[in-house]
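Colleague: A single structure is presented below for examination.
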Amino acid sequence: MVTSRWHHADNYSHFQHLYFVLTGIPGLEQKYYWMAFPLGAIYVVALFGNSIIISAIKSESSLRIPMYYFLCMLALADMGLALCTLPSMLGIFWFNYKSIAFDACLVQMYFIHTFSAIESGVLVAMAFDRVVAIWSPLRYSVILTNGVVCKTGLVILSRAVCVVFPVPFLIKRLPFYRSNILSHSFCLHQDVMHLACASTYVNSLYGLIAVIFTKGSDSLSILLSYVFILQTVMAIASREGRLKALNTCVSHICAVLIFYVPLIGVSVIHRFGKHLSPLTHVLMANAYLLVPPVLNPIVYTVKTKEIRRKIIQIFVQTKITAEG
């Protein structure tokens, strides 16, 4: 039985569920207990890995440059994404608790989309950082000052907060009186919107505009940045110089692919994959939100010796403390 409530105002009323029911992984309900352990490990890796990156950048003076300040912002966005989904995911797989209050669902939706937009914006800033470093290395510290980095971070944050802000209110005005079962283990705008029992034209239009203004323009900016980077690199006379310049971009290219490939996949499936199994939808949505926070720290740890050194120090300190 679906628990709901009526709202009355100025001769207009609509029906609204008190809660939504989240979906785990279809067909694997009997194995949730065993899946809880790898899922918990994924969150530990995501939170611990990104914390290490932030700690290393804070403590290592050699990492206090714009490139790593932007990496710190990326790590914070990844931690935000992981923390947004952690309560509902662990609630399902650890305690088989699938209900989420209507308003709590809207809050989770807001933060998921906000942190996702922040991550997209940070990837653009990191692309610009690579453009400056390769195009004009001697003026790098002059162009990207600490003040410019701070202002860039504030712009990225403000854009994400403002663009996503209307989304929960656009959902709140819709009536819900049929199904209250969502397709994922967390609340996404598209998923909740599809349960509404009224026209969602305004929601769809605003969602499209928001995506174009954030991830659409960001992906185009990153693409143009790399076109410029390749032109600049090809103008370098020596082969070693070209390889060295491109090597500084490898981590960022990996981060871009890690973020945008699952994002494009889940967007395409939502719009054109109605015939696909629910399991495919769930796995793609989980990959979209869990893969970047887990893989980004691994990529940057492999490529950055200072971060590797910090991890070794932490393990050594932990071992000494345990033995003491």
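We count from 1, first residue shown onward.
From the backbone N, Cα and C atoms, a Cβ is placed for every residue, glycine too.
Automatic prediction, not curation, is the source of TrEMBL annotations.
Straight out of TrEMBL:
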TRANSMEM  32-56  transmembrane segment
DOMAIN    49-300  domain 'G-protein coupled receptors family 1 profile'
TRANSMEM  68-95  transmembrane segment
TRANSMEM  107-128  transmembrane segment
TRANSMEM  140-171  transmembrane segment
TRANSMEM  192-213  transmembrane segment
TRANSMEM  219-237  transmembrane segment
TRANSMEM  249-270  transmembrane segment
TRANSMEM  282-302  transmembrane segment
Colleague: Under 8 angstroms for C-beta pairs, at least 3 of them, ignoring pairs fewer than 6 apart in sequence. Is the transmembrane segment (219-237) in contact with the transmembrane segment (249-270) by that rule?
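Modeller: Stretch pair touches.
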Colleague: Please report, as numbers and ranges, the same-chain residues at least 6 past the borders of the transmembrane segment (282-302) whose CB is under 8 Å from any CB of it.
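Modeller: Sequence-remote neighbours of the transmembrane segment (282-302) are 23-26, 42, 45-47, 49-50, 52-53, 71, 74-75, 78-79, 81-82, 84-85, 112, 116, 119, 183-186, 188, 251, 254-255, 258-259, 262-263, 265-266, 269, 308, 311.
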Colleague: Looking at 32-56, 68-95, 107-128, which one has the highest count of Cβ pairs under 8 angstroms to the transmembrane segment (249-270)?
Modeller: 107-128
